[in-house]
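K.L.:
I have a structure here, written as structure tokens, and I will follow up with some questions on it.
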Amino acid sequence: MDRSNQTSPVVGFILLGLSAHPKLVNTFFVLILLMYLVILLGNGVLILVTISDSHLHTPMYFFLGNLSFLDICYTTSSVPLILDSFLTPRKTIPFSACAVQMFLSFAMGATECVLLGMMAFDRYVAICKPLRYPEIMSKSAYVPMAAGSWAAGSSTAMVQTSLAMRLPFCGDNVINHFTCEILAVLKLACTDISINVISMTVANVIFLGIPVLFISFSYVFIIATILRIPSAEGRRKAFSTCSAHLTVVVVFYGTILFMYGKPKSKDPLGADKQDLSDKLISLFYGVVTPMLNPIIYSLRNKDVKAAVKNLIFRKHFAQ
């Protein structure tokens, strides 16, 4: 039923956050703040070493630098707002600010999906076609690949945000979330949202389904090639070049599948617990994955560890 004529239009939203669970606020404020600082430090160091160390001026580390910058942008688009919501129960956010936050969050998420697919292609060429790697993954190829990832993510975010913000919002303006999460916002529209649902479904197929299939097929060929290597040491070295990326992919998509694939409780008495669970899972998805990415690449990559040590060594003696 169209309720747009029954109430005045909404000019802002109220973010509930953890206002219904005040005992958790202080604990989660400290926890999320510490994780955010680790994200800024870890990804900032990765960006610095991939730029400053000439040994890391390769397509793989160029993509890794993009991934680190993306993780910083993604968390910065939401974590400060989340921390502020802990300090200010029932945080009010203007309509325009909500649209900007929604756009940035959606754009970064979609870009990461495409970027992980590009990184899988880079590993496929490196292992399956090593002799042609310099030719295929030249600078004139991998720079447009990264730029295309950002352009694709930003384009779909603009479409989804525009469609969402053009809807009439009236009456209830309370978002039961930490941020302007697009699905939570769509629930407040007082009109038919079928176009938005269709558009979101198409976007999910393009930016989630296709990259997953592309990555899966890439690793089928990668694993088949590795298994044909005669020596165990050769197989180990070949797999080590893509193990960090594969770990990041499993963490990233595994968390998404857990978030949206888990069954919903049908018990009305458990609705509040389920809402809290959904919000906390979404919260940790937004900070844990960006925090783990630099840790995974640092621990599983000798070149990155060596570059970080050299950076620390140079700074120490520079002082």
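Backbone N, Cα and C define each Cβ position, glycine as well.
Curation does not apply to TrEMBL; its annotations are automatic.
As annotated by TrEMBL, transmembrane segment applies to 28-49, 61-83, 103-121, 141-159, 205-227, 239-260, 280-299. The domain 'G-protein coupled receptors family 1 profile' feature in TrEMBL is assigned to 42-297.
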K.L.:
So, does the transmembrane segment (28-49) come close enough to the transmembrane segment (239-260) to give 3+ Cβ pairs below 8 Å, pairs being at least 6 apart in sequence?
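P.N.:
No, the stretches stay apart by this measure.
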K.L.:
Test the contact criterion for the transmembrane segment (61-83) and the transmembrane segment (141-159): 3 or more CB pairs under 8 Å, pairs 6 or more apart in sequence, then answer yes or no.
P.N.:
yes
K.L.:
What else in the chain is close to the transmembrane segment (280-299), if you only count residues 6 or more beyond its ends and a Cβ gap under 8 Å?
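P.N.:
Answer is 28, 32, 35-36, 38-39, 42-43, 45-46, 64, 67-68, 71-72, 74-75, 78-79, 82, 177-178, 181, 244, 247-248, 251-252, 255-256, 258-259, 305, 308.
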K.L.:
Near the transmembrane segment (141-159), which residues from the same chain, at least 6 beyond its ends, have a CB less than 8 A from one of its CBs?
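P.N.:
Those are 59, 62-63, 66, 103-104, 106-115, 118, 121-122, 199, 203, 206-207, in sequence order.
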K.L.:
Could you tell me the mean pLDDT over the domain 'G-protein coupled receptors family 1 profile' (42-297), as a whole number?
P.N.:
85
